[in-house]
Every structure is written in structure tokens, then in C-alpha cells.
Amino acid sequence: MEAQSFGTLNYIALFAYLGAIMAVGVYFARRQKSADDYFKAGGRIPGWAAGFSVFATTLSSITFMSIPAKAYTSDWTFLIGQYVAIAILPIVFWFYIPFFRKLNLTSVYEYLERRFDVRMRLFGSISFMLFHIGRIAIVTYLTALALMPFIDISPLMIVFLIGVLCIIYTFLGGIEGVIWTDVIQGVMLSVAAILIFVVICFNVDGGIVEVFSMSNQADKYFPAEQFSWSWTDSTIPVLMIGFFFASLQQFTASQDVVQRYIVTDNIDETKKALITNAKLVACVPIFFFAVGSALFAYYTQNPELLPENFNTGGILPFYVISQMPVGVAGLIIAAIFAASQSSISSSLNSIAACFTSDIYEKVSKNPTSEQKLRIGRTLTVVAGLLGVVASTYLIMSNESEIWDAFNSLLGLMGGPMTGLFMLGIFVRRANANSALLGVVASIATVLWVRSATDLNFFFYGVIGTLMVVIVGYLTAPMFKNNLNSDEIDELSATKEKRSTTAEKA
């Protein structure tokens, strides 16, 4: 199908948003005087803003478009995963956050060196950086491809607008600029979802009652067969287990989210961040699924409005461009840009934090704060350009399958990283060598399962995590622990309540 005419007012709305985001980066640039400012915001971020940032960071543009498409073509079962993510937050708060705050970390992978050794720290940090460079490329690439059929902006220009502007405002504003732009972007995403749903309901004969009635009649909420157990399909029990471990990885072992725990002034503000994120996750995704149901009702009543052989994966941007009022459509497309930029900017700053803390400080002798700030900004540019170049290559060569395979392989590192933190915090007798054996066993097992079985991919993270913990526990007596009992107490869950109480005081 031919691209829709985007229109002058839509362009004005889109570029007004992009200009506002740039202004935020410029504003916060003057506060970036040290590495602590650039990576931790000097502890100046209020808890509610950090929570908004976590929400925006974990919601990419692909999610923003794919959830309505999923509800349109299938059902609401994936909504279960959002509430599983909320369920793990008490675990994160009581057993993980006090360690990250008490140890005054810049990179979360510093914990792995203190608990085990430098090998585990480098494994975690390098895996994270490689994965997120790939993630930048994939998010930018898929956003460009998704929008290309519907607006008269070339995919290369979309990549440029998303990637280069992210580099600039992240370079200037550091984590503080990233978080406050995340707040803007999170608000835009939420308002956009609600606005689209309301507009569609007004255009459906019978309104909101008919929207939900039609979905109910078509059994598009939680079909009975989705409650059965399956080793190969993404049924509700599988989703609950898979999302539990996936969320645990994101909230305990991923620098881009964990970094939000240390930008607040105290642990009570960090608690507010988790509560704010939980409230947003509990409410906003429902509207994304509801948009899918509304689109189903609208196009069931108006099937002639869909082009022949239409790819329903792009149902949301198609409706926005073809049916939303001029100007409003531009703001909605800006929200899709916002969803991608919030993920990318967080990746850029967290990559810079990991490289500076985990690698540069290891090879440089006592670098000054100014030197670390300079390296952090340099890595922001380098990581961003690598992502943009990779995304451009994918668009020009149309070799997405190769890159997807590479990104999928790096994604297998998530389970081992989650397992390492779990092993360190909950298994006192674990040591560096048993942790290494656990990681090797985890990667080998997941690669074998992936290639030799039809097991659902949601089980990969489960297997990867548990293999590290089980092998790390069983092999620990074979090796001497290089930490004494007091050091293990300091780095394990045994003193969790005392540490939390002390920090509050």
C-alpha cells in the first residue's frame, strides 16, 4: 500500500515534540559537572519521576504498537505478564535494592565482583552492553519499518530522527535529562493510548459497550484453552512463569532499570519509584489492549476501510494516520517516537555507565571525575552511532534475520545474569568458581534446549536462571571461598533488614 500523506500540521506536531525533547537535554546539560551527576543525577531525582522513567524505559515503540495488534488478532492473555511484573516488586525492594544502595554502585555489575570476582563482573557488563547496542538497532529498525507504509518519511530519516536526537539529548543531559524526558514520554504514551481508545469508541456504532461486547462474543479476552498447561505454546501458566523470570531479570540484573534505584536521595524515594511504576503498569497497558479490542470492533463494522491483504501488525499506525484528526495524528506518531526514544536513551546512558565503571576505571589509574564524565559522554556517542549504523545496515540490506539471530543469542545471557545475582544474594556458600561453572552450564543448557527441542522460548530464562543457582550451589564445596564470613554477611540477604533500617535512620 502507498504511504499516507502526513500533512503539514502533523509534521508541526511531530517536530514540536522533537524540539521539546532537545530543549530538555540542553536544560539539564548545565548540571552535568561530574560523573556522579551524569550517571546518578547526584541523587536529585524524586521517586515518582524515577518510577515514570522505569515504566517508559521498559515500554518500547514495538510494544506500543504490538500490544493493540495482539489484542486485535488474538486475545488479552499477554496482559497477565504485566501483573506478574508487579508481583515481583516486593522481592526487588526487600532483597535487592538495599544492596545496590548500600554499596553505592554506579554499575550494578560491581556487585558481582565484590561477591564473586572480576570475571563475573565483566561477563555481566559486556553481555549487557552488547545486548543493548543490538537493542538500539532493533528498536530503531523495527520502528522505522512499522511506520514506513503509513507516513511519507523515509525509513532512513526515521532512524536519523530517533537515533541522532537520542544521542544528542543523552550526551547533553546525562541520566537526569534521560529521566525527565522519560517522564514526558511516559505521559505521552499514556495519554495517546487513552485518546486513541476514546476516539475509536466514538466511531463504533454502539460505543464502548459494543466494543467490549463484540470482543466478548468473539472470545478475545481470556479463552478457556489459554488456561491449560503447554510446553510449547504461550498459555497463561507459561506466561506467568516466563514473565516472572523475565521481569526478575529486568528489575534485578539490567543496568538500565537498576540505575533508577540509585538516582533518588534515599531508599524511601526508591520505594516511591517502584510504587509509581506499579501503578502505571497496573493501569496503562489495559488501555493498549482495549485499543486492540476497539480496533477489532471498528474494522469488523467497517471492513471496507482495510486494504486487501493488510498486515495487521501495523493496524495501530494505519488507524492513526487514516482516521485520527490532523494534528492529533502527528502527536500520536510523536508518541510512537517517544516510546522508542525512551528505551534507546536509557540504553545509551546505561552502556556509558557500565563501560566507564566496569572497564575504564579498571584500566585507568585513579581517573578523575571529569575524566570519567568525558569517557561517559564519548561512549554515549559511540554506542548510539553503532546502533544507528547497524539499524541503517539492516534497512539497506534487508538482512534482519541475521541480526535477529545475533540479538536472540545475546538475549540468552539474561538468564545467567539473573541467576548470578540470585546466587550471590541468597546462597551464602556460593563462590567465584562455582558461579563460573553455573554460568557455563546455564549457557550450554539453554543453547541445547533452543536447538534440540520445541520448548517455548519463555522457558529459556527460567532454565538459564535456575541452572546458575543449582550448579553454583552444588559445586560450591569444591572450591575455597575468597570471602570471609563477615564479607559474605555484608553481601548476602542475611543482613538485609539491618541494612534497610540503618539507611532509613
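Note that Cβ sites are derived from N, Cα and C of the backbone, with glycine treated the same way.
According to Swiss-Prot:
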- ALA56, LEU59, ALA339, SER342, SER343: Na(+) 1 binding site (BINDING)
- THR58, SER60, THR63, GLN82, ARG135: N-acetyl-alpha-neuraminate binding site (BINDING)
- ASP182, SER342, SER345, SER346: Na(+) 2 binding site (BINDING)
- 9-29: transmembrane segment (TRANSMEM)
- 45-65: transmembrane segment (TRANSMEM)
- 80-100: transmembrane segment (TRANSMEM)
- 128-148: transmembrane segment (TRANSMEM)
- 183-203: transmembrane segment (TRANSMEM)
- 227-247: transmembrane segment (TRANSMEM)
- 280-300: transmembrane segment (TRANSMEM)
- 318-338: transmembrane segment (TRANSMEM)
- 378-398: transmembrane segment (TRANSMEM)
- 406-426: transmembrane segment (TRANSMEM)
- 435-455: transmembrane segment (TRANSMEM)
- 457-477: transmembrane segment (TRANSMEM)
Checklist outcome for this item: One of the binding-site residues ASP182, ALA339, SER343, SER345 has its Cα closest to the Cα of THR63 (N-acetyl-alpha-neuraminate binding site), namely ALA339
Checklist outcome for this item: Relative to the transmembrane segment (128-148), the stretch among 45-65, 80-100, 280-300, 435-455 with the most Cβ pairs under 8 Å is 45-65
Next on the checklist: Suppose I define contact as three or more CB-CB distances under 8 A, residues 6 or more apart in sequence; do the transmembrane segment (457-477) and the transmembrane segment (227-247) meet it?
Outcome noted: yes
Item to check | Stretch in 45-65, 183-203, 318-338 most in contact with the transmembrane segment (280-300), if contact is a CB pair under 8 A | outcome: 183-203
Checklist outcome for this item: Cβ density check for ARG135 (N-acetyl-alpha-neuraminate binding site), other Cβ within 10 Å (all protein chains) comes to 20
Next on the checklist: Taking the Cα of THR58 (N-acetyl-alpha-neuraminate binding site) as the centre, which of the binding-site residues listed as ALA339, SER342, SER345 lie within 10 Å of it?
Outcome noted: ALA339, SER342
Item to check | Nearest of the binding-site residues (ALA56, LEU59, GLN82) to ASP182 (Na(+) 2 binding site), judged by Cα-Cα distance | outcome: ALA56
Checklist outcome for this item: Sequence-distant residues near the transmembrane segment (80-100) by C-beta distance (under 8 Å, 6 or more away from its ends) are 108, 111, 236, 239-240, 242-244, 246-248, 250-252, 258, 261-262, 267, 270-271, 274, 277-278, 281-282, 285, 421, 425-426, 491, 493, 496, 499-500, 503
Checklist entry - If you count other Cβ atoms within 10 Å of each one's Cβ, which of the binding-site residues THR63, SER342, SER343 has the most? => result SER342
Item to check | Where THR58 (N-acetyl-alpha-neuraminate binding site) sits in the secondary structure, as DSSP reduces it to three classes | outcome: coil
Checklist entry - Near SER346 (Na(+) 2 binding site), which residues of its chain come within a Cβ-Cβ distance under 8 Å, counting only those 6 or more away in sequence? => result SER53, THR57, VAL178, ASP182, ASP256, GLN259
